[in-house]
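S.K.: Just passing along the structure, written as structure tokens.
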Amino acid sequence: MAKEKPHVNIVFIGHVDHGKSTTIGRLLFDTANIPEQIIKKFEEMGEKGKSFKFAWVMDRLKEERERGITIDVAHTKFETPHRYITIIDAPGHRDFVKNMITGASQADAAVLIVAATDGVMPQTKEHAFLARTLGINHIIVGVNKMDAVKYDEKRFKEVATQVTKLLQMLGYKNFPVIPISAWEGDNVVKKSDKMPWYNGPTLIEALDQIPEPEKPTDKPLRIPIQDVYSIKGVGTVPVGRVETGVLKVGDVIIFEPASTIFHKPIQGEVKSIEMHHESMPEALPGDNIGFNVRGVGKNDIKRGDVAGHTTNPPTVVRPRDTFKAQIIVLNHPTAITIGYTPVLHAHTTQVAVRFEQLLAKLDPRTGNVVEENPQFIKTGDSAIVVLRPTKPMVIEPVKELPQLGRFAIRDMGQTVAAGMVISIQKGE
């Protein structure tokens, strides 16, 4: 049996109105992946005579978006010759940041859309920085709206230089910068004849070359629990996605912070593992599984617990401990000061955390310290802070286990900040 094509998750980022939705629309339109209900509507309206108009489709997508029905552009799939690609999100969704961090959807690559008319804008920088903070290591740049600058090579080069500077400063290397017009269909799926001066890949060709995501099988086992079920004849079945490591039948695993909270090890031997209703001897990173553990009951564990081997258990941060983190403030109405206690979302857990110290304010582009011990931090700032959880939780330093080292900070129904754990300080 031929090896299945690798699955790759991508996010679209970039400044508002630079053409993210149109680019996604064009990708789907030219690969014949427009949602069924839209095509049906088009045919019902007797619009057959007209050539199937891209503009009409984009209007429908936009209408549905404005009515609050996201045509799930989130989780839209299409194929390239060597990849299955899922567009897991596009900003503009309120929970974009939270989804990127806590979702079952860690993005493997980002497509940064920059309008040739405007060049790099504030959100271009913010989104690029966010992609970096969230550990998206592969980026593709689409310089859009080339039709609006008459397909001018000089203008493309100016914008390409701006973006390249920004991305190199953030540590990105080897990224394609592609001149496109999503509206006209140039260099998205079909090669453009209007820019003979460009001989690089189209957007879809660049997507086809996204490196296959590596499975972190050599890292310690971590399975954040999403739900816990009781199944007749089997017993308690925790369900979750293997983030790192390998789980085998017969392994002895422990759950945290459950063990810390109950002051006794919640642990046992793995009796069975199931995926898509089939039993399997082992599970690898990316697998969504249910598994049964001898001696672990339904009331012992819950969503937000993390399973690991007893030989290398998940790291617990208790209220007497603190952790140092680097954050970027995305959206706070006033300013964050010491004592602020919002809710931290990481993997499948949510715990209120208190800002204990503001150690330094950073230049978001270079990471250099611009101010020690600031009195406050506000929207747009990047900072090193010390946080203390109000109850025990599992979180890991991002250098060791990036999958469990990133978090979102939420308050008043919005994502206030995104960050990553630098180190953990154990209290006495």
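Placed from the backbone N, Cα and C atoms, the Cβ positions cover glycine too.
Quick paste from Swiss-Prot:
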DOMAIN    5-217  domain 'tr-type G'
REGION    14-21  region 'G1'
BINDING   14-21, 89-93, 144-147  GTP binding site
BINDING   Ser21  Mg(2+) binding site
REGION    68-72  region 'G2'
REGION    89-92  region 'G3'
REGION    144-147  region 'G4'
S.K.: Using DSSP, what's the helix, strand and coil tally for the region 'G1' (14-21)?
M.R.: 2 helix, 1 strand, 5 coil
S.K.: Using a 10 Å cut-off, grab the number of neighbouring Cβ atoms around the Cβ of the residue listed as 'Mg(2+) binding site', all chains included.
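M.R.: For the residue listed as 'Mg(2+) binding site', the 10 Å Cβ neighbour count is 19.
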S.K.: Of Asp17, Met146, the binding-site residues given in the record, which has the fewest other CB atoms within 10 A of its CB?
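M.R.: Least crowded of the binding-site residues Asp17, Met146, by Cβ count within 10 Å, is Asp17.
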